[in-house]
Amino acid sequence: MILKDILIEAINGDLPKDVEHISITGVTDNSKEIKKGFLFIAVTGYKSDGHNYINDAIRLGASAVIGSRDIKGLEVPYLRVENSRKALGQIAKRFYGDPSNQKIMIGITGTNGKTTTSYMLQQILEENGVTCSVIGTIQHIINGNKVDSHNTTPGTMELNSLLAESRDMVVIMEVSSHGLAQYRLEGIEFDFCVFTNLYHDHLDFHGTMEDYFLAKLLLFEKLKPSGLAIINGDDFWGGKLQEYLWEKNVSAFVFGKSNRCDLAITNYNTATNPFILLNENHDFVKIELPLPGLHNLYNATAAYSVAKMFPISKQEILTSLKRFSGVPGRFEIYKKASGPTIVIDYAHTADAIHHMLQTAKECGAKKIYHIFGFRGGRDTTKRAEMVKVSSEHSDVLILTMDDLNSDGIEGMESTLNRLLSDYSAGNGKVIPDRTFAIQEALQAGKEGDWIIITGKGIERYDQKFGLPTISDKETVLYLQNKEQGDFIGYFDQ
């Protein structure tokens, strides 16, 4: 590919004559991936700066370099741009032939509910003849093949590569605030954008809730002129989003408890035989789910709101939701014939924890044990509220280790003890070893009790603990004599 052909949108003005006809064999912002003939994009990252690796890229065979700094004297042509992250997205789009333009693009953003909503929507569409790719937190599903996911929203080059590989009609994307703030979706337009909710999270990156919201807002600026925003109107920030889109004359479909919503919630039951009753222009819709929790009913309403825009009947949508097969690591229930109910979930915010514990109460839990920890090097400002919520809504709170990242074990243990002392109601303890924390709860729990383990979902442990297990699920199964077949539950896998 000729360099000038992929720089049309990234470079303002004409290219130097000695540059425009350079042949490019590949594009990357990772100097370790450089091969002969590659274009290297130097991007200033959160922890490192690509400009420091330009010489490495040239040594490995880069034929040209683009960056945002004033650099001279390189052995290969160097083009300076105002924002190399943004340029990377525009270049990736051209290099892969604008793959998103050939798809129906659905973007789902929010603090909680992105994964479950995307899987619900995928099941509805797939069961009714609409092939879907899914790009998200747990994994990417392209042409029916599953690929490991390292970020909710992949890097720009990987994202466009996945889109180019996809032969599916629809792409459902979980869109993170980090991905939006870092221009990973530059050049991609959406047919539908969904807003689930916004709660305290990622403030180590964004600084304030207002800035967090503004990052989420960027997705809705990527709507096609014919596109539609679908919004949870019961969320405070969802209301702010409605106001913004109304001022911009952007079409929006809103669901919530207000009679003014396009899809008004009139009744619901969250425990036994969960359902939510919706009113759409006096046409009543009853969504039934095989899993409990008000948060899941809201996720289902969001998925329904998108699916109804496709040529799929209301009854077909409702049938798919009624037999929803669930999401690994999201309200994953394990229950033997006797003994406590065990739930594994990814919940990592105070709001998500509240929904989990409230759901257990609504399902008749006699005693609730809650086990969770905090990731090292992440948003520390949300920790106190998480402990408060857990202490208030559980009977026994056990603080333990999550991924330490750059934090040390002793430092994290000290943090856990301080948080427990300052913010719990005296119903908690610290057990640093995560597997032993789970073991203690399982030994104490009785029939009718619920043991809720949050924070990691299906993720593997990044450190060794006392039991020979690599995840919360494996720990639970190990402690239940590894007899997976004994378990019954929504998502037993």
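Just so it is clear, glycine is given a Cβ too, placed from its N, Cα and C backbone atoms.
Per-class residue totals from DSSP over the domain 'Mur ligase N-terminal catalytic' (24-96), listed helix then strand then coil: 25 helix, 16 strand, 32 coil. Annotation source TrEMBL lists domain 'Mur ligase N-terminal catalytic' at 24-96.
The domain 'Mur ligase central' annotation in TrEMBL covers 108-306.
Every protein chain considered, the tally of other Cβ atoms within 10 Å of the Cβ of Gly110 (ATP binding site) stands at 26. The feature ATP binding site is assigned by TrEMBL to Gly110, Thr111, Asn112, Gly113, Lys114, Thr115, Thr116.
Sequence-distant neighbours of Lys216 (N6-carboxylysine) (same chain, 6+ apart, CB under 8 A from its CB) are Thr109, Gly110, Ser177, Leu180, Phe195, Leu198, Trp237, Leu241. Feature annotation from TrEMBL assigns N6-carboxylysine to Lys216.
Positions annotated as domain 'Mur ligase C-terminal' by TrEMBL: 329-457.
One way to see the shell of the ATP site is to take the Cβ centroid of Gly110, Thr111, Asn112, Gly113, Lys114, Thr115, Thr116; the remaining same-chain residues with a Cβ within 8 Å of it are Ile108, Thr117, Glu174, Thr196, Asn197, Asn299.
For Lys114 (ATP binding site), the same-chain residues 6+ apart in sequence whose C-beta sits under 8 angstroms from its C-beta are Ile108, Gly136, Thr137, Thr152, Glu174, Val175, Thr196.
In three-state terms derived from DSSP, Gly110 (ATP binding site) belongs to neither a helical nor a strand segment and is classed as coil. Other C-beta atoms found within 10 angstroms of the C-beta of Thr111 (ATP binding site) number 21, with every protein chain shown included.
Around Thr115 (ATP binding site), the same-chain residues six or more apart in sequence whose CB sits under 8 Å from its CB are Gly136, Thr137, Ile138, Glu174, Val327, Arg330, Tyr346, listed in sequence order.
Candidate binding-site residues: Asn112, Thr116. Fewest other C-beta atoms within 10 angstroms, Asn112.
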